[in-house]
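**Q** Quick one: the structure is below, questions incoming.
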Amino acid sequence: MHRGILLGTVVVAVLMFGMHLAGALGRAVLPDLKIPDQVIPTLMITVLPPYAAGIFLAAPMAAIMSTINAQLLQSSATIIKDLYLGVRPQQIHNERLIKRFSSLTTLILGLLVLLAAWRPPEMIIWLNLLAFGGLEAVFLWPLVLGLYWERANAQGALSSMVSGAVCYTLLASFNLQPAGLHPIVPSLLLSLLAFYLGNVVGEKRRAASSLPS
């Protein structure tokens, strides 16, 4: 596992460095580019032979399509399995209803994604940063403390995830920056505090349940 962590870090660093460097240096090759998000495809068309540019442009398009498909299916399955069947477990054998509900859920999610893409931001990177900030606010402390703190428990992790998600969503949605800080900073602090408090409550409940009646 230790070697995997080191190797994964090196590989990701090389990939990220290469992609960001290509985007930054593309300005020297394409000084008149108006839309920053088009730097990579325009760079491919400019510097590569037509057949090579077609291959390199088709690859990310295929990846985009497969990713959207997988995300829609996964989201629909999560809603049905974890939410709907969690509330109404008696419907687990009603395959016809589940299929209809699954199709309807996938359609609704697809329409929501289409509406979100109708007016994209100036640069897609802002959506990317927003998504990664949300992931960090939700999963950082449950992952780190869950691995390296022996007293960590489920109540602390759940409290951390909920508080981090709510705080980051509100701050990022309304563009609030307390004390000039990026939304991720107060979100992580609140998430850490919620983890500790939830962990204390979880320990008290565990101790109370272990007492003889």
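The backbone N, Cα and C atoms fix where each Cβ goes, and this holds for glycine too.
Where the annotation comes from TrEMBL, it is an automatic prediction and has not been curated.
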**Q** Scan 42-60, 61-79, 156-174 against TrEMBL and say which stretch is down as transmembrane segment.
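**A** Per TrEMBL, the stretch marked transmembrane segment is 156-174.
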**Q** Cβ under 8 Å to the transmembrane segment (156-174), counting only same-chain residues 6 or more beyond its ends: which ones?
**A** 130, 133-134, 137-142, 145-146, 183-184, 186-188, 190-202
